[in-house]
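These come from TrEMBL:
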TRANSMEM  A:20-41  transmembrane segment
TRANSMEM  A:88-110  transmembrane segment
TRANSMEM  A:122-144  transmembrane segment
TRANSMEM  A:165-184  transmembrane segment
TRANSMEM  A:204-223  transmembrane segment
TRANSMEM  A:252-276  transmembrane segment
TRANSMEM  A:288-309  transmembrane segment
TRANSMEM  A:321-343  transmembrane segment
Amino acid sequence: MAALHEFLTSLFGAATPTIWIVLQIVAIVLPLMAVVAYLTYAERKIIGFMQVRIGPDRVGYWGLLQPIADALKLLVKEIIIPTGADKALFLLAPILSIVPALAAWAVIPFSDTLILADVNAGLLYAMAVSSLGVYGIILAGWASNSKYAFLGSMRSAAQLISYEVAMGMALITVLMVSNSLNLADIVRAQGEGIFASHGVSFFSWNWLPLLPMFVVYLVSGVAETNRAPFDMAEGESEIVAGFHVEYSGMAFAIFFLAEYANMILVSALTATLFLGGWLSPVSFLPDGLFWLLAKISALLFFFLWIRATFPRYRYDQVMRLGWKVFIPLCLVWIVVVGCWMMSPWNIWK
Amino acid sequence: MAELRNFTLNFGPQHPAAHGVLRLVLELDGEVVVRADPHIGLLHRATEKLAEHRTWLQSVPYMDRLDYVSMMCNEHAYCMAIEKLLGIEPPLRARYIRTMFDEITRILNHLLSLGTHALDVGAMTMVLYTFREREDLLDAYEAVSGARMHAAYYRPGGVYRDLPDRMPQYRQSKWKDAATVDALNAARQGSLLDYLEDFTNRFPTCLDEYETLLTDNRIWKQRLVGIGVVSPERARALGFSGPMLRGSGVEWDLRKKQPYAAYDRVDFDIPVGSEGDSYDRYLVRMAEMRQSTRIVRQCIDWLRANPGPVMTDNAKVAPPSREAMKSNMEELIHHFKLFTEGMHVPQGEAYAAVEHPKGEFGIYLVSDGANKPYRLKIRAPGFVHLSAMDEMARGHMIADVVTIIGSQDIVFGEIDR
């Protein structure tokens, strides 16, 4: 690393810090894009097996080249812009939805030292950036000038606002117990505690003491990413494809990428905030990036699993779940955790 | 203040939940349906008119294409109407075969209905599970008639031919190795009846699996309970029949009320709902599949024990045997007449109805004594159900419209005809 840094200094001089950051961003975004592509493959394969069928197996061995074939196909397809559409906003919308999904990765700690921007307001940044994604969806629905798209974007606006609140509330308890908004510090704080000192930090992670909040966060995460059973913004059998019904070619592909990048992002945030990030569950195994990846994969599998299992909620039922169940539950749990921390049984000292 | 107008949404005819070509003009207040106006006719193929220009027998395949997920039941009503005019009764074995295949058809139809209903509500796995079982039954269709869907197996006076003694086998290929082929062929070693018996043994477990996924699923119940409620009085007044009527708690089933084929000889129950909502209709269909399995079982036992003719011996209706035709002048004439101009049906009119998987499917025939019908009228249950769409959907949300379409079990082949 140091040698590479010196080499860059000799090459670019004063511009080195910028170049260095760009290189780091590329090192995050490129693998992320590959993972997104193969997440679509994994989804098709996993759901395929759950549905007693095979999934893609024609392009390459076991269909491994399928995502690439899909990407190529979408690249060469025409991007149709409807006559009544607002052209500039129509094209801006997919960009607006993918940028936050990628930008939020800046603060995700991959390991103790591997982190692009170790900022103290990391959690706030992640929340702020990820909630920007909804603008892409609203704009897409509005700019398409289509009734189905309009309904989809209205649904998703309402849904995202409600679940943003529940998610934020769930995170308040996390930052209460870890005394920090820095994501790396939140992970480190999970490595301490009674169980961790006995060698099983698995039980010291936030998921156990904050179990209701973990569930709320995870479910809100599914809702936030517009995945089944909360996929009313897309609602295939009701409003056809919702907000992206008028999109084709690469513009559609970017929405698709954004959805999957968001899934990975929410999984990564859940892993970081509740499942101890890069920490190893037991003390005799080393910590490291692969633990984070394993946790993200497990969460992604969960996302796919529920998609294959559950029917879709109705719009008003999703709202009811958000406002009448999750938010009150979060409020109560914030008070409970507050009292717990003030009591002699505080486990987070 | 600006004038508020309702949002008009054109739902279909190209829509993933339109079950074919339903076009619904929805007037929406936000997401709430103020008016649902079904437009039909996009799959109109003029079956009734076409039948006026075909011989009696040539129209049988058109019947398959009416409700193209319950093929043999359509044929059954048509054949029964002709038999009524002719005043003939098919042999008992043919009636048992018809009963058995009517029930197989009912399972086929309900499986598709269940799968697509679940798909409409968002549970996409269901449809693949139900298609796995449908595949087995379509193989039974293929074994008797040679066609997986459009069987043309029932004939006026009986059925085309007796049940086969052996089932077609899978063969090894690039994609199926020896072990796979053996597993696929395990149930196909005996006759069609053995194959179906094996199916009736397996099928209740499959139904239990579906119920595990759906019946007590909170989301499924939230989406179905209280959606599209029809009171028993309204259901009667609207002319509902089949599971739509029974879901509202009216115990009405033509198989019991005016038994045809061999339904008076088999033992089965009529499941009825209590609330008249989509969930009750779902439960009724699930229970009906269990009852159908029971009927198929009884038919298998009877058919094993009682061999016999499957076609009437009335030579004015059914062609004579090849052997008789070669040696007998009269039989040769019958053969010639039947294969050139077809059978003649005496003057008169007749209405015959069967308990089709979707409801009362009726055929009204007028004959002027010629070799083709003077007029054919089809009473399609789905048409009646669809016309209640507005009443059922009003005040619900868009997502519920989809649930209601699913629970009405609409197929456009019969509605547009």
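Just so it is clear, glycine is given a Cβ too, placed from its N, Cα and C backbone atoms.
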Selected stretch (most C-beta pairs under 8 A with the transmembrane segment (A:288-309)) from A:88-110, A:252-276, A:321-343: A:252-276
The transmembrane segment (A:204-223) in contact with the transmembrane segment (A:321-343), cutoff 8 A, at least 3 CB pairs, sep 6+: yes
Two-stretch contact, the transmembrane segment (A:122-144) and the transmembrane segment (A:20-41), at least three Cβ pairs under 8 Å: no
